[in-house]
Amino acid sequence: MASLKVFSFALLIVLTFSVIGMIYNVESGGSLCCNSHPKFGKCNTNNDEQRCNRWCHNGCGNGKGGYYKSMSHGGQCHYYC
């Protein structure tokens, strides 16, 4: 009976940390999809847009790729949703 209580408690702890981790990822912008990524660098040419699309295609699980998004401080690579 004691081992069942220990197992239940351990499972509860694991599930709690899993949920906290998922919430932290969503709030911190951990997802690559649907976000702009300045670390890719500025996009200026058609070649950069193709490179951005390939980079996003490999980095996001939805397989949709990305595009060059014009912004006030220069273009950035943005993942499709």
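The count begins at 1 with the first shown residue.
For all residues, glycine too, the Cβ spot is worked out from N, Cα and C.
Per Swiss-Prot, the residue from Cys33, Cys77 that shares a disulphide bond with Cys52 is Cys77.
A 10 Å cutoff on Cβ-Cβ distances gives Cys81 (disulfide bond) a total of 10 other Cβ atoms nearby, all chains included.
DSSP gives Cys33 (disulfide bond) a coil state; it is part of no helix or strand. In the three-state DSSP scheme, Cys81 (disulfide bond) falls into the coil class.
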